[in-house]
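Student: Below are the structure tokens for one structure; questions will follow.
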Amino acid sequence: MISEIIKDRAKLVNEKIEELLKEQEPEGLYRAARHYLKAGGKRLRPVITLLSAEALGEDYRKAIHAAIAIETVHNFTLVHDDIMDEDEMRRGVKTVHTLFGIPTAILAGDTLYAEAFEILSMSDAPPENIVRAVSKLARVCVEICEGQFMDMSFEERDSVGESEYLEMVRKKTGVLIGISASIPAVLFGKDESVEKALWNYGIYSGIGFQIHDDLLDISGKGKIGKDWGSDILEGKKTLIVIKAFEEGIELETFGKGRASEEELERDIKKLFDCGAVDYARERAREYIEMAKKNLEVIDESPSRNYLVELADYLIERDH
């Protein structure tokens, strides 16, 4: 059911992306900037924005610019993240910097970042609410950068605690889903308690989503549209790895950059055998349950129920 709702709302998002984010001159820059947008994706963040607007009893079309702005920010972060991580694949296509070069990819990300705020400013809402929304999205972008820096700095350290990992994930992934869920409450001038509850729904959903994403990196071989096992090879301190290290597990391929499939499979088996994978799954589920509890402040409706189902979907998807 929820997958059909996601597809339906994503269709609206894609149509608006076509309208607002056209290719233009200089062609080389905009081809790079639109590369991931054209590659598709589930559009989960803008779908959450539209469903949140509906759950608040508002016309979702009045939140469409905010939804596109958030998807544009998301794509800007992907372009820059892929440069830093040196990933070659994303969404089943070559990464922007691989195709267009690093200088153009940096400019493409910067362009998307600026376009996001331009699009948000077009929202059909009172000017003072738009200003608040712009301010909140700007703060989210700062926190995303902080989270990305934390993630990179963890790679240089021998050990990272679970609480540090969760704070990094809250910033790198959680806050963008937090603003996705709460920005309609800002634009429509809803009560602060409603805005806060939707923010928390998004934050907790985002943490659960990221933990599940880390799980997919070692279990979603051939499905996730990026390099399988790349987190291990890059030396990323995911919750799974943190737990495995606590259990005294040694991973031969961790942070090595390259390894044979056989070596990688041996290390991944260790993560399953020591209980680290099951532990991460349990933690992801806990965060999703916390997310859903925050929706209780909103009157029951089909759209609220869709948000509940979507939270479950975030940790049940296979890609």
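Every residue, even glycine, has its Cβ placed from backbone N, Cα and C.
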Student: Out of Arg91, Arg132, Arg139, which does Swiss-Prot tie to the same isopentenyl diphosphate site as Lys42, Arg45, His74?
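Tutor: Record source Swiss-Prot; matching candidate: Arg91.
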Student: Per residue, counting other C-beta atoms within 10 angstroms of the C-beta, which of the binding-site residues Lys42, Arg90, Arg91 reaches the highest number?
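Tutor: Selected residue: Arg90.
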Student: Check the Cα-Cα distances from Lys42 (isopentenyl diphosphate binding site) to the binding-site residues Asp81, Asp85, Thr173 and tell me which is shortest.
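Tutor: Of all the candidates listed, Thr173 is nearest in space.
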Student: For the recorded isopentenyl diphosphate site, enumerate neighbouring residues of the same chain (Cβ within 8 Å of the Cβ centroid of Lys42, Arg45, His74, Arg91, site residues themselves excluded), in sequence order.
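Tutor: Going along the sequence, the neighbours come out as Gly41, Arg43, Leu44, Glu71, Asn75.
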Student: Spatially, and counting Cα to Cα, which of the binding-site residues is closest to Arg90 (dimethylallyl diphosphate binding site)? Options: Arg45, His74, Asp81.
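Tutor: Among Arg45, His74, Asp81, Asp81.
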Student: My understanding is the cutoff is Cβ-Cβ under 8 Å with a sequence separation of 6 or more in the same chain; which residues meet that for Lys172 (dimethylallyl diphosphate binding site)?
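Tutor: Correct list: Ile144, Gly147, Gln148, Met150, Asp151, Gln210.
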Student: Identify, in sequence order, the residues in the chain of Lys236 (dimethylallyl diphosphate binding site) that are 6 or more apart from it along the sequence and have a CB within less than 8 Å of its CB; answer 'none' if there are none.
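Tutor: Counting only residues 6 or more apart in sequence, the Cβ neighbours of Lys236 (dimethylallyl diphosphate binding site) under 8 Å are Asp151, Phe154, Glu155, Asp214.
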Student: Across all the protein chains here, work out how many other Cβ atoms are within 10 Å of the Cβ of Gln210 (dimethylallyl diphosphate binding site).
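Tutor: By my count, 25.
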